[in-house]
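Here is the structure we will look at.
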Amino acid sequence: MPTKTHLIANGAVVDDTWVFIDDETPLGDTPAIISLDRLKAEADTLRSRNAKLGVVIRTNTQGKTKLGEDVRELSPYLDMLTTIAIDFPVYRNGRGYSDARILREELGFKGELRAIGEVLFDQWSFMARCGFNTFEIDSSIPVKAFNEALNELSEAYQPAVDNQRGVLWRRHGL
Amino acid sequence: MYRYDEFDHKIVTDRVNQFRGQVNRRISGALSEDAFKPLRLMNGVYLQLHAYMLRVAIPYGTVSSKQMRMLAHIARKYDRGYGHFTTRQNIQYNWPALDRIPDLLEELASVEMHAIQTSGNCIRNVTADQYAGAIADEIEDPRIISEIIRQWSTFHPEFSYLPRKFKIAVTGHENDRAAIKLHDIGIVIVKNDKGETGYEVHVGGGQGRSPFIAKKLTDFVPAKKLLAYLEAVMRVYNMLGRRDNSYKARIKILVHETGETEMRRLVEEEFAKIDASQMLSLPEAELDRISAYFAPPNYENLPAQSDAFEAAKEGNPEFSHWVKTNLVPHKTPGYGIVNISLKPIGGIPGDATDAQMDVIADLAERYALDEIRVTHEQNLVLPHVKLDEAKEVYDILCAHDLATPNIGLISDSIACPGLDYCNLANARSIPLAQEISTHFADLDKQYDIGELKIKISGCINACGHHHVGHIGILGVDKKGTEFYQISLGGSADEKASLGDITGQAFTEDKVVDAVDTIVETYLNLRQPEERFLDTYRRVGMDPFKEQLYAD
Ligand code: HEM
Ligand code: SF4
């Protein structure tokens with residue numbers, strides 16, 4: 001897990017105005033990312049809060065039956081959310097790629113989708129294709145390396161959330 | 001055969017360049033071995049006991065002579081003059097140097113080959129019936145849909161970090177030669193009662209520590225919707241598959257723990273959404289484009305019976321034996337399907353030298369409409385040989401030690417790399433396969449025994465398919481000495497079954513005797529026309545057990 005990260009959006013390092021707030025700490029009126037449990041428990045009061053709200057979806061790598069939080073539980077709350085952060089506890093755990101596509105394609109979430117946790121060089125382009133648009137990465141990695149990695153594979157066979165239609169379709173002008 | 005277009009070329013070339021960058025970062029130390037591991041795995045590079053190993057994909061087991069020559073060239077230039085054909089229809093090189101692998105991959109790309117997704121927790125190389133397009137009574141050439149699946153699954157952004165590796169196999173024939181029921185997804189091409197072609201999908205088969213036969217989740221999906229259906233299965237698995245224990249992470253465990261009915265419901269629910277979005281509905285034009293590559297080659301109009309062939313059999317009993325075991329009827333009159341055994345008596349199952357690969361490439365070019373197939377039983381096939389020329393082919397094969405007449409017989413065994421190469425092994429597999437084949441070297445004896453598939457794994461991971469061997473042999477570890485457990489009655493075909501363990505394991509010096517005892521017991525018990533498997537299914541374990549553990 002990187003110790004120090006910076007946030008990349010639209011190919012540049014950006015200021016991160018968001019703060020992750022744990023379940024015990026009261027929320028101020030600055031942009032806050034909270035847990036799914038807290039969102040569900042406090043949804044009514046949160047609706048009238050006057051600041052941007054985000055949520056983090058966690059995956060449990062050790063779970064036998066509880067594999068992680070279910071993004072579909074977010075569907076009643078999506079209009080309240082500006083940001084959804086999806087945690088990759090280890091790069092090998094690729095559940096978050098499906099979370100992202102479900103949010104974008106099934107639930108129609110249009111806001112910021114942020115990849116956090118073990119978010120490594122060789123995963124970025126797949127994450128971007130699945131609908132992530134911001135990335136918390138190790139701050140020692142220059143943004144140039146990030147942008148290059150995103151373009152290493154220039155074609156894709158299959159459709160995903162980005163606007164590449166997939167070669168199987170593009171061959172026929174679809 | 002499929003040929004790359006500009007898109008396919010671009011995708012493979014980009015990948016070579018990307019991997020070159022990764023290898024450079026690894027060699028310079030910028031990338032640790034830990035972080036490099038998933039990258040090299042996704043490019044088919046394994047760290048073995050002694051060295052890196054490279055696995056090259058042979059999609060659905062089909063290669064041209066030009067490609068086979070390249071595989072020979074690679075064996076010569078980057079390895080020690082041989083390659084190893086595997087049970088996944090791939091070829092493996094045991095000794096390439098890491099810093100030269102990018103060059104090797106570049107050479108492969110020049111003949112439209114790659115090592116993409118031959119390892120790692122992603123969708124692996126798709127396998128299919130080795131007789132595709134050549135065998136009679138096929139519903140559709142399974143390579144068409146396999147190629148479409150290959151493309152859809154290549155660098156799939158959502159499914160490259162699955163809980164575990166994922167294997168898909170396809171058959172278009174009622175006789176299953178692709179072991180589809182032992183794959184994560186097995187596809188059978190079928191016709192519905194309206195006469196339309198579609199796909200029956202089986203999910204959750206697998207071997208390894210806990211073997212399972214796949215469950216049929218659907219009877220019929222049309223071609224247009226198949227990718228949507230597969231994507232639904234994959235998404236359910238990626239969301240719900242266990243990641244806490246690598247032995248529980250395959251989809252077979254999810255299907256088992258969830259139950260077939262619930263699994264079907266989950267997949268249907270996901271499928272309904274993807275299907276409604278139309279995003280993955282396969283264009284008719286693309287299906288046609290890819291099908292065209294697998295149109296039947298230009299066969300000559302020949303009489304069904306070849307006088308030259310019949311005369312050669314008359315005059316040469318050895319040729320006639322070879323024909324009986326290694327030549328299979330072709331759907332086209334006057335042609336045959338030639339199996340090339342890579343199991344010479346006492347040899348290493350699946351190994352071929354560079355010179356042998358070159359010979360096979362030449363044969364394919366001259367006699368077999370330029371095609372070669374790799375079988376999951378680690379042999380090769382020349383799919384379209386004129387019967388008139390079969391004897392010429394045979395003579396050339398003989399000259400290169402490639403005409404062992406033992407396809408399907410006791411010496412045609414599958415063996416995993418085992419303790420000679422593999423760091424997970426409990427016991428040796430290859431030397432045991434060699435000993436068994438030497439023990440039963442006498443061909444008359446082998447013919448008398450008939451079809452008998454021995455499959456050997458060096459540990460419970462079951463790379464050598466021991467669960468589905470008619471006789472399965474598994475290396476187990478007992479306080480540092482090699483022991484072998486034997487099972488009987490497994491089968492990987494359309495009537496797939498898992499073998500039953502005979503009982504206590506055998507020491508290394510007793511295991512060949514034990515196999516001999518099993519064979520003798522069968523010979524004593526069999527009824528006319530009964531294969532080993534039939535006899536076993538009729539009489540059960542007891543008589544074998546009695547003989548094996550008599551004293
Ligand atoms: C020498 C290096 C190798 C290692 C370390 C290795 C490791 C493994 C492991 C750990 C499994 C179990 C996977 C699981 O159950 O989830 C497995 C299964 C398997 N491997 Fe290998 N393997 C090696 C070589 C090979 C080779 C050379 C072949 C082909 C000839 C092969 C074919 C297979 C097959 C067919 C399975 C069973 C798949 C299934 O469970 O459905 N492996 N291997
Ligand atoms: S079965 Fe075991 S010993 Fe054989 S190759 Fe697989 S992991 Fe190695």
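Along the chain as shown, the residues are counted starting at 1.
A Cβ is built for glycine as well, from the same backbone N, Cα and C atoms used for every other residue.
Copied over from TrEMBL, here are the features:
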DOMAIN    B:52-110  domain 'Nitrite/Sulfite reductase ferredoxin-like'
DOMAIN    B:119-273  domain 'Nitrite/sulphite reductase 4Fe-4S'
DOMAIN    B:348-398  domain 'Nitrite/Sulfite reductase ferredoxin-like'
DOMAIN    B:415-548  domain 'Nitrite/sulphite reductase 4Fe-4S'
Secondary structure tally of the domain 'Nitrite/Sulfite reductase ferredoxin-like' (B:348-398) (DSSP, helix then strand then coil): 26 helix, 14 strand, 11 coil
Within the predicted model, mean pLDDT of the domain 'Nitrite/sulphite reductase 4Fe-4S' (B:119-273): 96
Ranked first among B:119-273, B:348-398, B:415-548 for CB pairs under 8 angstroms with the domain 'Nitrite/Sulfite reductase ferredoxin-like' (B:52-110): B:348-398
Composition by DSSP (helix, strand, coil) of residues within the domain 'Nitrite/sulphite reductase 4Fe-4S' (B:415-548): 56 helix, 27 strand, 51 coil
